[in-house]
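Input: a single structure, listed below in structure tokens.
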Amino acid sequence: MLPPPPVSSFNHLLGALVKMHHHDHVISFFQRLNSVGVFPDIGTFNIVLNCCCKMGLASDGFWVLGKILRGGYIPTSTTFNILIKGLCMDDKIGEATRLFKNMSVFGCQPDVVTYGSIIDGLCKHEMVEKAKQLFSQMKSRGISLDVVVYTFLLQGCCFMGNLEEAKSLFIEMVDEGVQANVVTFTVLIDGLCKQQGRMEEANRVIGLMIQRGNHPNTRTYNTLIDALCKCGRMEEANRIIGLMIQRGKHRDVVTYNTLIDALCKDGRLDKANKLLHLMIQRNEHPNMVTYNTLINALCKQGRLEEADGLLDFIIQRGQHPNVVTYNTLIDALCKEGRMEEANRLLNFMTDRGQHLDKVTYGTLVNGFCKEGRMEEANALFELMIQRGQLPNTIIYNTMIDGLCKKLNL
């Protein structure tokens, strides 16, 4: 009988399967290794651990860690880095922090990657002060700070609106000789754009970015376009788009959605609709944000037939309207007293397997109550409860108000 191949061969296979997102196969192969005479090494365990994290099952990673320890294997920094990052991505920052603190028990010390994952996780949970403490701890332990760690903390400061602190951190990073990358600059630009009256500072940061050899990417441009559109500076937004084209940067769905939203808010629906069709011509696929923005604007202008036509167009293209799409149309129909059409749309939703939420039921209940059609309102109210949707205070008050009016109370 031929001897089994070395574990390294299996590791290559498992690694390839993870990259191909065949996560179930990885777990299945791993569980059968011993039966074919192959014994895993720490690399194998790390691959399986990574697989669990990519499946959004980071807590199951403790099962893998348990197998490592029970099997007499020694976990490495990579083992902990994979699990800590996975826990942070699964919003389990408490578990990640506890594991981080206990690494030394297993003979491992956190490195720049470990700190980066924890700092990122803390910042995303608005725990920026704790992140700053870990940042200081890195310095005191002599761990080299890289652009990734600086960017995570900078993003946390911007998210909390601490722009002056973010700018100081950026200056410190430059002084320490750490090269800012396009992500770092974009984070700072985004923070400045979100604070009123700081667009000129954002423009200066872009100038510095280009001067330092970092060319803005699509996300950088989208950040600027969004800020300019929100300020009503559409001409400047269009100038930025021209600059994007000139520099060969791809306009993505976010770019188009930002412009369509701005045009809709400005009441220029025909131009927004033309932009939608231009987007399709250029093979850039609109998403439900694109369509919902237009449908909402059409409904607000009372152009319900066009909104309904757009719904048909979405379905013909093989895309799936979501509950927001239907709720917007149902609300508009109810406001115009077109209850039969609203009810037909509700049935159409159900036939297509679309989940109905409290907004769907509440809108229709309110519409029927306003029309004095309490039997239909009550039937919907009961259907809502049967389907496991508990009415909220607004829906109860609507029903009570409708019944009182019906009974002249």
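Heads up, the Cβ atoms here are built off N, Cα and C, so glycines get one too.
Over in TrEMBL, the protein carries these features:
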REPEAT    41-75  repeat 'PPR'
REPEAT    76-110  repeat 'PPR'
REPEAT    111-145  repeat 'PPR'
REPEAT    146-180  repeat 'PPR'
REPEAT    181-216  repeat 'PPR'
REPEAT    217-251  repeat 'PPR'
REPEAT    252-286  repeat 'PPR'
REPEAT    287-321  repeat 'PPR'
REPEAT    322-356  repeat 'PPR'
REPEAT    357-391  repeat 'PPR'
On the repeat 'PPR' (217-251), the mean of the pLDDT values is 90
Per the Cβ under 8 Å criterion, with at least 6 residues separating them from its ends, the repeat 'PPR' (181-216) contacts 147, 150-151, 154-155, 157-159, 161, 163, 166-167, 170, 173, 223-224, 226-228, 231, 247, 249
If one takes Cβ-Cβ under 8 Å and requires six or more residues beyond its ends, the residues near the repeat 'PPR' (41-75) are 7-8, 10-11, 14-15, 18, 21, 23, 26-27, 30, 33, 82-83, 85-87, 89-90, 92, 95, 106-108
For the repeat 'PPR' (41-75), the DSSP residue counts stand at 26 helix, 0 strand, 9 coil
